[in-house]
Every structure is written in C-alpha cells, then in structure tokens.
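Below is one structure; the comments refer to it alone.
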Amino acid sequence: MNFYILTLFPEMVENGLNTSITGRAIANGHISVKAINIRDFSGNKHGKVDDYPYGGGAGMVMQAAPIYDAYQHILASTDKKPRVVYLTPQGKVFNQDMAKDFATEEDLVLLCGHYEGIDERVLELIVTDYVSIGDYVLTGGELPAMVMVDAISRMVPGVLSNEDSAATESFSDNLLEYPQYTRPDEFMGMKVPEVLLSGHHANIEKWRKEQSHARTLERRPDLLKKNKD
Ligand code: ADE
C-alpha cells in the first residue's frame, strides 16, 4: 500500500514513520510513504503557500493552487484516482473499523493542514474523506496523518509478523486486551496470577477472556454497548 502525505513538514512524517514496525514495513516493501512538500508547488521563489483570509480575521489560510498542483503530481504515479483524506477536527472520528477499511486501498493521500485552514475550494475538488483523530485541536495534520498510517499499516497483510499478529485481535471484537506478565514471577511482592503458570491452556484462555470483559466493563463500558448494536 502506498501513502502520499501532502505536508509543509515532510521530514517530520518521514522520520517518524521510518522507525519501528512501520519502518520495517517500508524497508521490506509492504508499504511506501512519500511525503510531498506542498511548498515545492508554491509557484514563487519565496515558497509562499498561504495568504490572508477573505473577509478578515486572525491567521493565514493555505492557498488552493499549491495543494491542487501537488495532488496532480501524485495522480501521475497512481493507476486510478486515490481517496484523499483531509485531517481536521471537523472530520469523522477515526476508529479501528475505518483503519481496516482504508487498508484495502492501493493508494491513499493524506492532506495535512496548518494555519487557520485550507481554501475551501481545493477541499471541494480533491477531498473524499474528512477524518479527525479525536476531539482536541492540534497545531497541524502531521501527527494525525502519522497515527492513521500506523493504524492502517498494521492491517495490511504481511506488515505484522506472526508474533505481532495476536495483538491485532485486541480491538476487533471491541474488547480491551487482557493483562500481560513476564519474568520474574514475583516483583515488589506482587505475584503473577497462578493460572498463567499452570500450563493449562483452556483455563488460561478462559481467564484471559474474563479479564478482557472485566477490564472493558471498568475502563471502556461504551465499547460493550457497541457490541450489542
Ligand atoms: N488537525 C488538528 N487537530 C486535528 C485532529 N484532532 N484530528 C485531525 N486533524 C487535526
């Protein structure tokens, strides 16, 4: 799967995603991440890509033309028109089902805004999906884009090793992960639950299921309600 990130800070997304599991997925070709610097399409020697808002008001607005031209540049390397996500607090709140859905795309464009926003006309022309990563306001769309690339990538076949894969299931049935322990079997006087040392696989599985339910009920009861819907 190929991610194209339209941004004013290409080094931020490239450095961040070239690390850990996404970095490994890039290295072995399961995903690619291309950060496109919107400033390269400014059309002026100062690299200026923003201007004052019509009607007045605070802050600057990102201009339509550089974003549109950067998008056209991406189209030259994709077979068909890709979905274009604009990261904004005004979008639909991102979740695991959306990550799975986006992971079926061959190409995905992520548009990162800055300043007071982006000229509405280019959004109308190119954006297919408006996505927020939560009800708070960040200074730009780069961190949200990186969150999306991470969550989507781990749903792309081959990105997670078999060992990583078990953890994939943790949210798929809207239940939180059960507690985990590793050596030593006693730490600060706290013992690992006996059942985990028993080697009795059926009992261990039953205990983990109970823990998942209890933990979800205590920490995220809203998820249990979702299961009933
Ligand atoms: N840009 C600024 N805040 C954001 C958020 N919460 N989600 C997505 N994009 C954003």
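Residue positions begin at 1 at the first shown residue.
Each residue, glycine too, has its Cβ placed from N, Cα and C.
Taken from TrEMBL, the feature domain 'tRNA methyltransferase TRMD/TRM10-type' applies to 1-226.
DSSP assigns ASP135 (S-adenosyl-L-methionine binding site) to coil, not to a helix or a strand. The feature S-adenosyl-L-methionine binding site is assigned by TrEMBL to GLY113, ILE133, GLY134, ASP135, TYR136, VAL137, LEU138.
Tertiary neighbourhood of the region 'Disordered' (209-229): same-chain residues 173-179, selected by CB-CB distance under 8 Å and a gap of 6+ residues from either end. Per TrEMBL, the feature region 'Disordered' maps to 209-229.
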Quiz item: Out of these binding-site residues, ILE133, LEU138, which one has the fewest other C-beta atoms within 10 Å of its own C-beta?
Solution: LEU138
Quiz item: Out of GLY113, GLY134, which of the binding-site residues is least crowded by other Cβ atoms within 10 Å?
Solution: GLY134
